Amino acid sequence: CHHEGLPCTSGDGCCGMECCGGVCSSHCGNGRRRQVPLKSFGQR
């Protein structure tokens, strides 16, 4: 299985974690705020 912080796809299985935004995260619900900066890149 994949460890936390490693890239993953919707089909890959993480070690007791979920695949959030293409990365294994043990706190998927709290990680929503980290996905917000993706929009800031477009503003540059």
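Yeah, the Cβs are placed from backbone N, Cα and C, and that goes for glycine too.
It should be emphasised that the depicted structure is a prediction, and the values quoted were computed from it without experimental measurement.
Feature annotation from Swiss-Prot assigns disulfide bond to C1-C15, C8-C20, C14-C24, C19-C28. Positions annotated as asparagine amide by Swiss-Prot: N30.
Feature map: annotations from Swiss-Prot on the structure.
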| residue | record | contacts (Cβ under 8 Å, 6+ apart) |
| --- | --- | --- |
| C1 | disulfide bond | G13, C14, C15, G16 |
| C8 | disulfide bond | H2, C14, C19, G22, V23, C24 |
| C28 | disulfide bond | M17, E18, C20 |
Response to the item:
If you tally other C-beta atoms within 10 angstroms for each of the disulfide-bonded residues C19, C20, C24, the top scorer is C24
Worksheet entry | Largest tally of Cβ atoms lying within 10 Å of a Cβ, found at which of the disulfide-bonded residues C14, C15 | C14
Discussion item. Which secondary structure state does DSSP assign to C24 (disulfide bond), in the simple three-class scheme?
Written reply: strand
